[in-house]
Amino acid sequence: MNVLLTNDDGVFSDGINELAVFLKDYYDVVVVAPDRERSAVGHAITMHKPLRIKKIKDDDRLKIFYANGTPSDCVKLGIDVVMDKKPDIIISGINDGFNLGTDVLYSGTVSAAMEGAINGYPSVAISLEAESKLSDKAMLYIRKLIDNVARNGLPKNCLLNVNIPNVSDEFNGIKITKLGQRNYTENFTKRIDPRGRDYYWLAGKVLENANDEDSDIIAVKNGFISITPIQLDLTMYSFIDNLKNWDMSI
């Protein structure tokens, strides 16, 4: 089975390298990842400058490339330029830090998996609680999930978003979840550069929103691995009929 692996933390991050080394014992793995940190770039693609690719590893079952683009660029390059055989599955991760709830709208990790789904490939985004070590048990869960996706497939325009908590002993299990609500007390810290010009750093803290028990946020909080199916269609169908009744005649 051919696996295309990418991320948004960059090609030299621990998560993608640990996963690549583990997966190459079972699959043919091609890594195409950004040349540097690209967290929170969302689904950005590069249109106004050239993209460049460099190969840094070429083993029998593991090939590693980096590109000067975004995670979504890397997926496109992997499919259309780098891989001799099309991928059977696309994996984005392992991200350093959760991608929960509404965070998926900012996430380069999740957006890379979305790009895979847009192109018709079964795709999975995987994130690990920040500053955690990936356990052998978690690796086995990931392999089992990959095999399940290969065997069962995914619906068209669907991807899986996986979040793995940091637990000292055993996971409480796996929960199939929905996206929760994740908000922040955002504020911008103002600084002055040496030339007297203003600049700003985005700061803030996560708010403890009230979330349902079947949300991804509550699942990882309780020590479960969360798996959330996400669809590309963002239409709010329940509001369509109401919106049709608005007076918007021209």
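Count begins at 1; order follows the chain as displayed.
Using N, Cα and C of the backbone, Cβ positions are placed for all residues, glycine too.
TrEMBL entries are annotated by machine, without manual review.
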Which of Asn17, Asn68, Asn95 belongs with Asp8, Asp9, Ser39 in the divalent metal cation site listed by TrEMBL: Asn95
Same chain, 6+ residues apart, C-beta under 8 Å of the C-beta of Ser39 (divalent metal cation binding site), given in sequence order: Asp8, Asp9, Ser107, Gly108, Thr109
Least Cβ-crowded entry, counting other Cβ within 10 Å, from the binding-site residues listed as Asp8, Asp9: Asp9
Overall pLDDT for the domain 'Survival protein SurE-like phosphatase/nucleotidase' (3-185), taken as the rounded mean: 96
CB within-chain contacts under 8 A for Asn95 (divalent metal cation binding site), separation at least 6: Asn7, Asp8, Asp9, Gly15, Ser107, Thr109, Ala125, Ile126, Ser127, Leu128
